[in-house]
């Protein structure tokens with residue numbers, strides 16, 4: 001058995017296959033909190049960055065000094081990466097599919113005793129074994145200009161054109177419409193959903209202003225009400241007013257007024273039978289995941305299936 005540092009993984013979590021033993025001199029097993037993290041990718045770096053972020057948030061107090069190396073596809077580019085790693089040794093995460101390119105990086109790290117981890121190997125090996133198909137090993141393949149790419153662009157253009165109540169008379173052309181009071185994360189949530197391929201519109205609820213009839217009559221889109229804890233919403237609005245050098249005690253930010261506004265919004269959602277998502281303690285990604293699930297059920301009732309693009 002390779003000399004794994006069990007303190008790194010625990011008895012129930014052996015290191016991934018192919019992961020080199022961590023040298024005890026690297027300091028990771030001695031409570032090290034700050035370290036150099038090199039992220040190496042043969043494409044845009046989104047995958048390796050997302051996986052690294054998802055892992056790092058599980059460790060409190062860890063502050064990596066991140067070095068990004070994108071579009072690494074040739075020997076010369078790998079040599080520059082290796083030089084950078086030599087200058088700031090630490091931990092290396094990579095997503096490289098070309099065997100020759102990754103071989104250079106792995107050999108250099110092995111020679112210098114630097115831990116070097118391929119994040120996609122377990123997934124690719126599992127898929128290959130299950131499907132009985134060899135991996136094609138084409139870098140950046142997920143970024144080809146295919147139908148998914150153009151669908152994403154189309155969704156982004158639609159969403160930008162239908163932000164904050166614009167062109168709400170065309171709401172029935174949307175996949176998803178978000179409705180909520182001011183500062184309830186409608187626009188950023190719509191943009192995230194658009195990046196997943198959904199045509200989105202959003203409409204702000206303003207006290208004393210009735211809903212447009214086109215929105216109430218819309219049958220095709222999933223209409224979702226967004227709500228937020230009044231205290232949190234009041235604080236956010238006050239911060240917004242401070243940023244704009246405006247009076248913080250305006251009705252817009254007063255707690256009692258905000259509370260009444262939120263209650264009125266909930267009554268509207270209930271009357272129209274719209275599902276409600278409370279975004280108080282949810283990130284944009286978490287709220288969007290809930291909305292996507294609602295949309296999938298919305299389509300199932302019509303005998304359809306949602307096609308969700310990867311993030």
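Keep in mind that glycine also has a Cβ here, set from the backbone N, Cα and C atoms.
Annotated features in Swiss-Prot:
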BINDING   180, 181, 182, 183, 184, 185, 186, 187  ADP binding site
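Here the features listed in Swiss-Prot are painted onto the structure.
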residue	record	Cβ neighbours (10 Å)
180	ADP binding site	25
181	ADP binding site	22
182	ADP binding site	18
183	ADP binding site	20
184	ADP binding site	26
185	ADP binding site	22
186	ADP binding site	26
187	ADP binding site	17
Legend entry - Env. residues of ADP site, Cβ within 8 Å of mean position of 180, 181, 182, 183, 184, 185, 186, 187 Cβ: 202, 204, 226, 228
Legend entry - For residue 185 (ADP binding site), the three-state class that DSSP assigns: coil
